[in-house]
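A.B. asks: Just lifted these from TrEMBL, have a look:
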DOMAIN    B:55-291  domain 'ABC transmembrane type-2'
TRANSMEM  B:57-77  transmembrane segment
TRANSMEM  B:89-113  transmembrane segment
TRANSMEM  B:134-159  transmembrane segment
TRANSMEM  B:171-195  transmembrane segment
TRANSMEM  B:202-223  transmembrane segment
TRANSMEM  B:269-290  transmembrane segment
Amino acid sequence: MPTAPTGHPVSVRGLSKDYGDVHAVRDISLDIHRGEVFALLGPNGAGKTTTVDILTGVRQRTSGDVRVLGHDPAEDPREWRARIGVVPQTAGAYADLTVREVVSHFAAMYPAPLRTEQVLDMVGLGRHHRTQALALSGGQQRRLDVAVGVVGDPELIFLDEPTTGLDPVARREAWELVRWFADRGRTTVLTTHYLDEAEELAQRAGVVVGGRLAACAPLSELGGRDNTRTHVSFRRTAALRDRALPALPPGTETAHDDTSDTVTLRTSEPSGVLSVLLPWAREAGSPELPELRVHRPTLEEIYLNLIDRETVACP
Amino acid sequence: MPLTEAAATAQPAAPAPSADGPPGAGAVTFGARALVRASAARSGVELKAFFRNKQSLVFTLFFPVILLVVFASIFSGKVEGTDTDFRQVFMSGVIAAGVMSTAFSGLAINIAVERDTGLVRRLALTPMPKTAYFIGKIVRVVVTTALETVLLIGIAATAFDLELPHTAERWATLGWCLALGTAACALAGTAYSAVIPNSRSASAVVTPVFMVLQFISGVFYPFDKLPLWMQNTAALFPVKWMAQGFRSVFLPDSFTVVEPAGSWELGRVALVLALWAVGGLVATTLTFGWRGPRVR
């Protein structure tokens, strides 16, 4: 069995988790680097939360080697707990206590916590510190969960879908919080359904599909995104229809859709294509190309394409 | 933007400790002081939550008081074969019901709710010494049971002529009976919380046990008049023994003619309650979980 090295905050080698015949996590290998925000993406039931639960010592693994801040999470030493912050996926309910009481109560469990007021301001609950926790809106309760998870000033933070149910303003406040910890050199593992969130915050991402790691790369390279061609497309006017296309940069592929009379050029040099295409259109007397689009594949398209890929290792 | 303010007042980042720092570093921080701080935090939260929660106040604290007031107003007449008012017998018994209400029912429901609503899970994710959680529970149970007992004895003595004990020996019996009974009920309650599937069903799973044990343990009806099989069943559980112990505190010794053994059997009261405490502790260590499918 391969052994996980201890240099990274999180090192996983050959991690598997079975529930009877169900293989929830299958042979995942992964390193998360110090100081980065690492996004864990994947559809519902893919095994993201099971993986996070194993890394945070909530569940036991079936096989594989896991090192989190140099420890096996299954041992769960208290000194190690103090260095880790966890915001679980399920929301907590804190009955009969005010927001402030909840957070300062959790702060008392840590050797060097952040100030309660500071954490409440960070999650945008500063004005609500006297409110009963159960009287908060759903989104505010989620923010309280985040406050509870990070009040210990952790070195390594696990956020399992922290912004689900938050409005756009609250989501951005949560992003600021992630950046604030990242700026202090802390490491964050972020599980999310929102690809824009991953794109906004994370340097690298892993995509988990069916319990396997289907991709693991910097976000700009995820799923071969950096090598994927750009699509330049436009509709042909009558004036353009009779003219042959100009000489395009080498390697450009041309496709034509007859029903919409749309031309699509697939290229790795979109600027080069446009620099010959626009003079060509002007000469044809159609200086505005109808429905001109330059389209780079979005993270979402890449992500959706990844669903069938095979397992990779993430160094 | 609140965050910039927060960031401005933040202390500079501490150097991140190496992944595998020397063992024993921070031993002071994780020693006795951490336990004291965590226990104080847990105890404070336990008491605030109990006294702010209308449901726990009404069902746990005031329910035995309501039983006392209603039935002490209804019951009259002497217990057959004795010179003792049944009301006096009932008032001794209702103190046992009070202990079971705060220490058993209240605690079992409380733990089930905390497990179901994410508190237990979140505490397990902190470096809290696990002992602190149980110290908080002890504080909760001791304070609420003491308050319950004072309320019941106070109302019984002032409004319904319950005669307070005159000898130090009887006060001592009240003390140890209360302490052992509370320990037995609290540990049994902690263990019993393991069979509660979720917070919605907590009251439904706990309250019948509380009610049935009161009825078969001679709280509402003279114990010697109950069918023998019922007496024998009740003798397996702590409420009957607590009630018997409290009768020995508040009733004249002549009442022992109708006690099953013809005496107060204080040694057996202590033994059964202690066995329940030990059994509850063993069952708690076997069943209490910080993680698992029911810890949400």
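Glycine too: its Cβ is placed from the backbone N, Cα and C atoms.
Neighbours and distances for these, please.
C.D. replies: Within its own chain, the transmembrane segment (B:89-113) has Cβ neighbours under 8 Å at 50, 56, 59-61, 63-65, 67-68, 71-72, 75, 79, 120, 137, 140-141, 144-145, 148-149, 151-153, 156, 160, 162, 178, 181-182, 185-186, 188-190, 192-193, 196, 198-199, 202-203, 205-207, 209-210, 213-214, 217-220, 222, 238-239, 242-243, 245-247, 249-251, 255, counting only residues six or more beyond its boundaries.
Long-range contacts of the transmembrane segment (B:171-195) within the same chain, counting only residues at least 6 positions beyond its ends with a Cβ under 8 Å from a Cβ of the stretch, are 96, 99-100, 103-109, 111-112, 115, 137-138, 141-142, 145, 149, 165, 205-206, 209, 238, 241-242, 245-246, 248-249, 266, 269-270, 273-274, 276-277, 279-281, 283-284, 287-289.
Away from its own ends, the transmembrane segment (B:202-223) comes close to residues 59, 71, 79-80, 86, 89-90, 93-94, 96-97, 100-101, 104-105, 108-109, 112-113, 116, 192, 195-196, 230-231, 233-234, 237, 239-240, 243-244, 258-260 of its chain (Cβ-Cβ under 8 Å, at least six residues beyond either end).
The list of residues near the transmembrane segment (B:269-290) in space but at least 6 beyond its ends in sequence, with Cβ under 8 angstroms from a Cβ of it, reads 115, 120-121, 123-124, 130, 176-177, 180-181, 183-191, 194, 235, 237-238, 241-242, 244-245, 248.
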